[in-house]
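K.L.:
I'd like to ask you about the structure that follows.
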Amino acid sequence: MATLNPFDLLDDDAEDPSQLAVAIEKIDKSKKSGQVSSLPAKSAPKLPSKPLPPAQAVREARSDAPRGGGGRGGFNRGRGGYNRDDGNNGYSGGYTKPSGEGDVSKSSYERRGGGGAPRGSFRGEGGGPGGGRRGGFSNEGGDGERPRRAFERRSGTGRGSDFKRDGSGRGNWGTPGEEIAAETEAVAGVETEKDVGEKPAVDDVAADANKEDTVVEEKEPEDKEMTLDEYEKILEEKKKALQSLTTSERKVDTKVFESMQQLSNKKSNDEIFIKLGSDKDKRKDDKEEKAKKAVSINEFLKPAEGGNYYRGGRGGRGRGGRGRGGVSSGESGGYRNEAAPAIGDAAQFPSLGGK
C-alpha cells in the first residue's frame, strides 16, 4: 500500500472546508458506485480501480481551475471564487460556453482566459462575469482572436498615394502568365537560331577568309613620292599665282576722283590755334587775380547795421551763477557798444619779436 504525505493538507489552509467536504463525499460516492457496478454483468462500464486520495483530488481540481474569473481575483476575492464546483461549472474553463467538438484552440483560449476571454483579448469578445485575465468583460459568442486593425502603425516614408500595380488589367504591368509566355517564345527563338547556325558553318569559314584577303589588300596603299626638284617647282608655281593676284588687287582707278571738287576752308588752322591759346591765357589771369585780392579781417568782424558788438566776459560767481558770457550785473562782460578792433594798430596787434 502506498504511503501518503500527511503534510499535503497544510497547503489547503486558504481553502473552504465545505468544499473539501463536498469533494470527499463525491469520492465516497464514486467508491460505492464502483463496488455496486462490479457485481452485475461485464457489460457495465469500468471505473477506476483505485480512487484518488482527498488531497490529490483537491490538487487536481486546483490545477484544472481557470486562471481568470473562476480562479484568483473572482467575486469572493479568494482562490476559489464562488465555490470550486460552481466556479468550474462542470468544465475546466470556468463560466464559459463549452466549445464544440474538436475545437481545441477555442478551449485553450477559454482555459487560459478564465472568464471566456483569451489572454490579452479586446472588449466585446469573450465570456461572462469575471472576464479574462487581461481582456475584461466580453461576449459569449466571440471568436477569441485579436481583431485586425484598420490602420496598422507602419512607416509611410517613401510610399506614395498610388496603388501598387500588381494585378492585371488596364493600366497595370500585366499578368505573370504573359511574362512566362514571352520567356518561352524567347527560348524557342534561341533554339531555332542554334539549329540554323550549326548547318552553314563551313560557308561562314570560307566567307571570313575572303573578307580577310580583301582587308589586307586595302590596307596597303602606295605612298606618293617626289624629288626635291619637283617640290621646288610646285612652290614656284604657287608664288607666281599669289603675285598675280596681289598686283591686280592693288590697282586703283583714278577716273572716280576726276569728278570730285576741292572745298576751301574759311578758317585756317593757325587762327584756330591762336583762339584756343588766348582762351587759356584769360582763364589763368582770372585765377591769379582772385588769388591776389587781399580781404581784411575787419569786414568779417564788423557787426550788422544797428547791431551791438559782443565781447565775451565771465559771469558772476554768486549762488547759481549764469553761464559764461551771459548778461550779468556789475562790471562783468556783456553786450556793449564798442568799435571793432583795428588790425593796423600796432598797440592792439603788436608784431612778434618787435622792439
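Placed from the backbone N, Cα and C atoms, the Cβ positions cover glycine too.
This is the feature table in Swiss-Prot:
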COMPBIAS  37-47  compositional bias 'Low complexity'
COMPBIAS  67-81  compositional bias 'Gly residues'
COMPBIAS  114-141  compositional bias 'Gly residues'
COMPBIAS  143-168  compositional bias 'Basic and acidic residues'
COMPBIAS  177-190  compositional bias 'Low complexity'
COMPBIAS  191-202  compositional bias 'Basic and acidic residues'
COMPBIAS  209-225  compositional bias 'Basic and acidic residues'
COMPBIAS  277-292  compositional bias 'Basic and acidic residues'
COMPBIAS  323-333  compositional bias 'Gly residues'
DOMAIN    234-289  domain 'FF'
MOD_RES   S268  phosphoserine
MOD_RES   S351  phosphoserine
REGION    26-225  region 'Disordered'
REGION    277-355  region 'Disordered'
MOTIF     132-139  motif 'Nuclear localization signal'
K.L.:
Mind tallying the compositional bias 'Basic and acidic residues' (277-292) by DSSP state, helix then strand then coil?
P.N.:
16 helix, 0 strand, 0 coil
K.L.:
Measure the Cβ-based neighbour count of S351 (phosphoserine), defined as the other Cβ atoms within 10 Å of its Cβ.
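P.N.:
That number is 7.
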